[in-house]
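Taken straight from Swiss-Prot:
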ACT_SITE  CYS17  active site
BINDING   LYS20, THR48, ARG49, ASP50, ASP68, ASP91, GLY139, HIS140, SER141  ATP binding site
BINDING   ASP51, ASP91, ASP227  Mg(2+) binding site
SITE      LYS20  site 'Important for catalytic activity'
Amino acid sequence: MASPAIRLTQYSHGAGCGCKISPKVLDKILHTEQQKFFDPRLLVGNETRDDAAVYDIGNGVGIISTTDFFMPIVDDPFDFGRIAATNAISDVYAMGGKPIMAIAILGWPIDKLAPEIAQQVIEGGRYVCQQAGISLAGGHSIDAPEPILGLAVTGIVSTEQVKKNSAAKPGCKLFLTKPLGIGILTTAEKKSKLRPEHRGLATETMCQLNKPGADFAHIPGVTAMTDVTGFGLLGHLSEICQGSGVQAILHYSAIPRLPAVEDYIAEGCVPGGTGRNFDSYGHLIGNMSDLQKQLLCDPQTSGGLLLAVLPDAEADVQAIAAQHGMTLSPIGELTSADSRRALIEIVV
C-alpha cells in the first residue's frame, strides 16, 4: 500500500512570503535610538527598505548580500525548495546584480517529518541555484517546530548600475514582470477550491527566475527596481514612492493577473496577509473597491520585478523583456508629490 502524499502546508501556520511580519509591526521592531555605525562603503543599507545590502569593494564593483526564508506555500517538497530558492535569489536581480553563490537556511521538525523529505526540499533549492548558474555552497540547519527554507545569497553588481527603490523620478512609467494573484491561487489550493486547469500555474510563476533584472540594470532610464513579494504590489510601490518622494497612479485594468483571480476572491480565497498588508499602508492609498484591494494587497511569493522607467527608456526595457520571452506594457506612472492626493491612486 502506497504511503499518503505529504502535505507540507499542513505543518506550518503561514505560507511563503505571507509569513512576513506586517510593515507596521516591522517598523516597531527595527526602530532604534542607538547611533548607527557609518561605513562609507556601504552603498545600500536598511534606510530605504531596499531588497538587499550593497557594499563597495573597489574598482567599480559592489557586493550584494541578502537573505530570505519562509514556510511552505506548496505541499510538494521539491517545489517548495524551488520556490524558496527562486524567491531568495530574486533580491540580487532586483538590485541589478548577478548572483555568484548561495548558502541554505533550513529549519526542520525532525520529530514530524522524515529527513528524506528535507532532502527533497534541498534538492529543489539546488536545482534552481544551478539554473541561476551558482553553487549551493553550504548552509545551516536547526530543529524547528515548522519547516523553513531559505537562502543567503551573494551577488555582484557594477556600482554605477545599482538599482535602488529610492531613486524613481516623476514621469516614469511602471512595469511589472509577473502577474499578481499568487497568494489567491495558493489559498484556493489550500482550501481545495483550485480548478484542475489552474493547478501548477502559481508554482510555475513562482519558479521563474527574475534574471531580466541583471539586464535591466544596464539601462540608465530604469531609475528604480524592486521585486513584489509579501507586502503586495501596493506595499512595495509605496516603498518606492516614499523613498523617492513621488506619488503613483495605477491603471487597474492594465495590471497582469493570474487566471480567474476575481472568481477565487469571490469564493473567499484570500490569504490572511492581505488584510495585514492593508492595515499597514491602506491609509496611503486612494479610493478602491474591495476587489481591487484583495488583488493589489495580495502577498506575492517570488513575485515579479516592479520597474520605474523614464519614457525614453521604455523601448529598451521592452526589447530586453522580449529577449526573455516577456511582453511588457505600462501599468501606471509616477507623478510629482502633491499633498492634495493620496500616495497611490487607483484608476480603471
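Keep in mind that glycine also has a Cβ here, set from the backbone N, Cα and C atoms.
Cα of ASP51 (Mg(2+) binding site) to Cα of ASP68 (ATP binding site): a distance of 10 Å. Checked against ASP91 (Mg(2+) binding site) by C-alpha proximity, the binding-site residues ARG49, ASP68, SER141 yield ASP68 as the nearest.
The record gives ASP51, ASP91, ASP227 for Mg(2+). Within 8 Å of the mean position of their Cβ atoms, the other Cβ atoms in that chain belong to ASP50, ALA52, THR66, ASP68, SER90, VAL92, TYR93, ALA94, MET95, THR226, THR229. A 10 Å cutoff on Cβ-Cβ distances gives ASP68 (ATP binding site) a total of 26 other Cβ atoms nearby, all chains included. According to DSSP, ASP51 (Mg(2+) binding site) sits in a coil region rather than a helix or strand. Considering only the binding-site residues ARG49, ASP51, ASP91, ASP227, the Cβ with the fewest other Cβ atoms within 10 Å is that of ARG49. Cα of ARG49 (ATP binding site) to Cα of ASP227 (Mg(2+) binding site): a distance of 12 Å. Here ASP227 (Mg(2+) binding site) is compared against the binding-site residues ASP68, GLY139, SER141, and the shortest C-alpha distance is to ASP68.
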